[in-house]
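J.: The annotation protein binding site is assigned in TrEMBL to Arg425, Tyr545, Arg597. Here TrEMBL flags His477, His581, His677 as Zn(2+) binding site. The compositional bias 'Acidic residues' feature in TrEMBL is assigned to 845-858. The compositional bias 'Pro residues' annotation in TrEMBL covers 861-870. TrEMBL lists 197-342 with the feature domain 'Copper type II ascorbate-dependent monooxygenase C-terminal'.
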Amino acid sequence: MAGLFNNLLVLFFVFQNICLGFRSPLSVFKRYKDTSRSFSSECLGSDQPVISLGLSDFALDIRMPGVTPKQSDTYLCMSVPLPVDDEAYVVDFKPHASMDTVHHMLLFGCNEPSSTENYWDCDEGTCKDKSNILYAWARNAPPTRLPEGVGFRVGGETGGRFFVLQVHYGDISAFRDKHKDCSGVTLHLTHQKQPLIAGMYLMMSVNTVIPPGEKVVDADIACHYKRFPMHLFAYRVHTHRLGKVVSGYRVRNGQWTLIGRQSPQLPQAFYPVERPVDVSYDDTLAARCVFSGEGRTTETHIGGTANDEMCNFYIMYYMEAKHAVSYMTCTQNANPELFRNIPQEANVPVQVMSDMLKMTHGHHEETKDGDKSSLLQQAKKQEEEILEQNFHIEEAVEWPGLDLKLGQISGLALDAENNLVIFHRGDHVWDENSFDNTFVYQQRGLGPIEQNTILVLHPSNAKLLHSLGKSLFYLPHGLSIDKNGNYWVTDVALHQVFKLGPDKKEPLLTLGVALQPGSDKNHFCQPTDVAVDPNTGSIYVSDGYCNSRIIQFSPNGLYVMQWGEETSLGRAKPGQFHIPHSLALIPDFSQLCVADRENGRIQCFRLETGEFIREIKHKSFGRKLFAVSYVPGLLFAVNGMPYPGEAEPVQGFVMNFSTGEIIDTFIPLRKSFEMPHDVVASEDKTVFVGDVHARAVWKFAPTEKMEHRSVKKAGIEVQEIKESGTIVEGRLKNNPESTDPVKKQEKQHLVQQHTSPGISFVLITTLLIIPVVVLLSILLFIRWRKTAVYGGDGEHKLDSSSGRILGRVRGKGSGGLNLGNFFASHKSYSRKGFDRVSTEGSDQEKDEDEGTDSEEECSAPPAPPAPSSS
């Protein structure tokens, strides 16, 4: 019995000593004993930053102290000291962040934070000494997970003594209610020694220069590894806007093994290495960043600002504790020849889904249905199906909307039911008296337009379904409709953008200051168009006649960013505008295409960054391109009147969206385009064009599918229209892309003849012979009369007045017909072309001298007119 008691007593003392050996974490948190965290009452979670999890483990809560960012893309930092003196290990992370408010978070370890304030703007830096990234969290990215038995060493003699949390607030529209944010992360730490220690290897380019306009620029980094083996388990890539793809490799005995490859435009968190990769002594670590300088007008260098670039490839690894090194860097290219053998995938951009980009850049609407990765494939498939169809756009001559009595038509759109919505100016016109030389509207005394300026018409019969916009606008311009049926419009006189509900009399949202032009974040100068992203609600405004920029706003109307600049001398560069006049938003590919009017081109940009993607420009556009519209697979556009001496006609264009190739052109059969100002198309390829001068709206529709092929017969081009196994021939001009409305009518008439069952060959022959017989009879009668009156030589004895008339018709010494001189003989005719309609200044674009050949031969061509408004 005594022996049993003695044994129990020994065990008690041993257990007591063991317990004393493991000090309670709370007993050693002396740095916190007199300190409490003052969290806002709005923040959820514990106000105790340190929580005991047992004898050797504890949790450390690192949170923002109730902050309210004041502008988008704000980076805020705060620091927390390690609450123990001796060594500890971080083994797990638990994030506390909302996708509605936080773009991403980074957690650093260091010995001296950049500030001692409660929190600070991260522009001041994160740490004064060397810092090490321990954790990263981003929208739509996997959280950082450490393998079993792996921890980051902190405290003690070698580990960092502070944690610094960096939080990036992207779109701050969620903070309109001024609530406080306490985003952060909870760390799980332990005093138990970990057999494997985690660390960070940073590969970084420091001397890359990206020339302006250069399509592909490679930044290569390579270093020989000269330490104990390490095992790689996660990676992270980082560039700014010009980065396309970043790849990292281990090179061993000439063999390249992929560590990780990712688009830097995706959430920049740590991604797991797909297959285990170990790095041993004398291996080479290599990385490549691929950039594009398109859209930039100056060289781009490595640096820390948004206009600079960065090329970083982070590798998270672990090593045996006895050999562990917590941080290593590589900033050189030790073997440039090595990259001759880099896998081709390193220069292939990673395909980024538009919904992924939305989440990357802080937008908070999620894609709800199905596999997100199928979105782009669906768009591509839909585009291929559209482009496989062989169709041609012709005017729908039965549509009665051409005869509507409207004001200057400035904007068109289609609502969810494909009803046509027209934005017009009623009894107001834009002419040379509308603005002074500072772009201030001069006719406000007229008051707002008293008619309804927004008309909703049935697309088949042009019946008026709904109207609104009375007494709101002075000079309407651009129009679009969002997915909720709201109307978004611009007014160039008011210098404002408005959001109108379908049944509301007053605007739901107004951007800009009434009647005050400007170029800052709160003012516009004659804004031309507006587009709303159906996925994110972001608002894009083209501004405008006296500014050269595209501005992005949040769904609530807060300024986000802008891009663009005025066109310089010489050829217009990417990202430069000379009247950005019309917008087409392409949600399937996350692009915004802009009709750059006076530069006669379309420029497309990435929605989230404003990065230039491509230019579409054709000779047949002429010098002006007024409007652009998109349906899956296709772009539609309309151009402007040619300058004097130029031949490009005013017409509409159908283009392959992917290639920019023109696949069809179209012009009206009734009336003629004068200044087509806007174009809109539906997915069934029905097209409406509004003309600001003709004050008309045309409807165009695809014709039935026919096989068109051109052949040459006796030097004359003949088009064969093959249908139902029969061929009917229509004679065309030598130009296969003829846009002459008379010729189009002849072709259409021939097709109608072919399809009419009751017309026989005999009847056609009879109809052709009758006019010939009548003409011969008239000529014989005239011959007889001349012979009777003048005798045999009578045809040479015309009086002087008859000779003058004939000479006037034929032209001076030309021997041919000169209609310019013939009409010029009438006193009501102006030699400057048609009488100018009292509308916008761009009527001057149509003026040209109609002098005779002999007059024009020695005269200098007229100077191109100044850019005009419309």
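Quick reminder: no glycine exception, Cβ is built from N, Cα and C everywhere.
Please treat TrEMBL annotations as automatic predictions, because they have not gone through curation.
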J.: Summarise the model's confidence over the domain 'Copper type II ascorbate-dependent monooxygenase C-terminal' (197-342) as a mean pLDDT value.
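T.: Computed over the domain 'Copper type II ascorbate-dependent monooxygenase C-terminal' (197-342), the mean pLDDT is 92 on the 0 to 100 scale.
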J.: Please find which two of Arg425, Tyr545, Arg597 have the most distant C-alpha atoms, given that the record lists them as binding protein, and give only that distance in angstrom, rounded to a whole number.
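T.: Across Arg425, Tyr545, Arg597, the widest Cα separation comes out at 21 Å.
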J.: Could you give the Cα-Cα distance between His477 (Zn(2+) binding site) and Arg597 (protein binding site), in whole Å?
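T.: Pair distance, Cα basis, whole Å: 14 Å.
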J.: Determine the most Cβ-crowded residue among the binding-site residues Arg425, His477, His581, Arg597, His677, using a 10 Å radius around each Cβ and all protein chains in the structure.
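T.: The most densely surrounded of these binding-site residues is His477.
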J.: By a simple count, how many Cβ atoms lie within 10 Å of the Cβ of Tyr545 (protein binding site), its own Cβ left out?
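T.: So the Cβ neighbour count for Tyr545 (protein binding site) comes to 26.
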J.: Given the binding-site residues Arg425, Tyr545, Arg597, tell me which ones have a C-alpha lying within 10 Å of the C-alpha of His581 (Zn(2+) binding site).
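T.: Checking each Cα against His581 (Zn(2+) binding site), the hits are Tyr545, Arg597.
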J.: Going by DSSP, how much of the domain 'Copper type II ascorbate-dependent monooxygenase C-terminal' (197-342) is helix, how much is strand and how much is coil, in residues?
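T.: Per DSSP, the residues of the domain 'Copper type II ascorbate-dependent monooxygenase C-terminal' (197-342) fall into 9 helix, 80 strand, 57 coil.
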J.: Distance check, please: Cα of His677 (Zn(2+) binding site) against Cα of Arg425 (protein binding site), rounded to an integer number of angstrom.
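T.: Here the two Cα atoms lie 13 Å apart.
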